[in-house]
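Lifted from TrEMBL, the feature list:
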type    : residues                                                               : note
BINDING : B:Ser15, B:Pro16, B:Ser17, B:Gly18, B:Ala19, B:Gly20, B:Lys21, B:Ser22 : ATP binding site
DOMAIN  : B:8-188                                                                : domain 'Guanylate kinase-like'
Protein chains: 2
Amino acid sequence: MPEMRRRGLLIILSSPSGAGKSSLAKRLMAWDATMRFSVSATTRAPRSGEVDGRDYYFKSREGFEEMVAAGEMLEHAEVFGNLYGTPRAPVEARLAEGHDVILDIDWQGGQQVRRSVLAQDVVSIFILPPTIADLEARLRMRAQDSDEVIAGRMAKSRDEISHWGEYDYVVVNRDLEISEAELRVILQAERARAVRQPGLTEFVRGLNREFENR
Amino acid sequence: MPEMRRRGLLIILSSPSGAGKSSLAKRLMAWDATMRFSVSATTRAPRSGEVDGRDYYFKSREGFEEMVAAGEMLEHAEVFGNLYGTPRAPVEARLAEGHDVILDIDWQGGQQVRRSVLAQDVVSIFILPPTIADLEARLRMRAQDSDEVIAGRMAKSRDEISHWGEYDYVVVNRDLEISEAELRVILQAERARAVRQPGLTEFVRGLNREFENR
């Protein structure tokens, strides 16, 4: 019911690196321009060309930790000595405006968001590769990394994949076109859920007024 | 993932009479010929042309009540002195074979099925009419009923509509084409749910074997 303003969905997309998650996220945003990609906060230094608020929200460690203490991070983690996290306020604002928000986070972030104040808005989707050979080939294609780096990534992938069962939906990404269609179907169905359509309450009130005036 | 045998969905379709539920159920069966419509049991006498096991399972009152006592009815109710219900065994068999099964039942039946042993298979969808004027027009078109009969149906409709919030999904049936498309999307998404794809466990085991053999 497009004429009723609905609250946005908080879409958790997780997958091992190389399974096509970023390509699928971009395709979803191209399909529906009202969707928003969540911008992470980080304590690492900006790289050349990176813009605060677009690529990341750049924070001091103290500033970041204060946000965590104040419950202003939906999820966060330390990676190689830097903190990364998802600030709650911008996500909440977009959802209230009716934008679906995509979170590209791993299983640990997913668990934190599912336990957060925004749990009711969450739709979680795990992208699996068709084969591990395929996953490794995509990782090797992407960068000329050493075998050690690749081995580390593959170990992390295996750990990530072991959490597929915690997600609402699972898509095996054999083909980007088909997987995109599956994701679109999932999002369209989630938008039709009764709990996602607060406008229905008013709509049914209207039907009841009609009953009374018969 | 069509190559993995999945368990069927138990689709509860409820709506006030005249909202287009039967037309939509027929369209779904035409869209996917593997779907099955649940056949009800009843204690009322067969009418001319009705076939046992196709139109209804015709039962004696004793036979029906024994089935209820043995937990062999997913839901049942008494209407104008006759018992009606959904036998569990045929539904369970179809679900195990991978067929989605449509139950055309009211909110009271819906509540019973949601509390039944098949609760995990349930996808519940409520069809709302766009307006009450529209609902009444369809009821009047369908049969030359007296105003009293129409008034009784409308009162039942109002009661039925008051339960929309108990359903997973709500579709406002303004147009059969559009509503059918919405229902298809809902079913496709539900089939992609992790819990609906028992084959995924074996699939991920395969990925893990690949990790081990690298």
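Easy rule for this one: first residue shown is 1, then count along the chain.
Every residue gets a Cβ built from N, Cα and C, even glycine.
All annotation found in TrEMBL is predicted automatically rather than curated by experts.
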Where B:Pro16 (ATP binding site) sits in the secondary structure, as DSSP reduces it to three classes: coil
Three-state secondary structure, which DSSP defines for B:Lys21 (ATP binding site): helix
Other same-chain residues whose Cβ falls within 8 Å of the Cβ centroid of B:Ser15, B:Pro16, B:Ser17, B:Gly18, B:Ala19, B:Gly20, B:Lys21, B:Ser22, the recorded ATP site, in sequence order: B:Ile127, B:Pro129, B:Leu135, B:Arg138, B:Asn173
Surrounding CB atoms that lie within 10 Å of the CB of B:Ser22 (ATP binding site), all protein chains: 13
Least buried by Cβ count (within 10 Å) of the binding-site residues B:Ser15, B:Ser17: B:Ser17
Within the predicted model, mean pLDDT of the domain 'Guanylate kinase-like' (B:8-188): 94
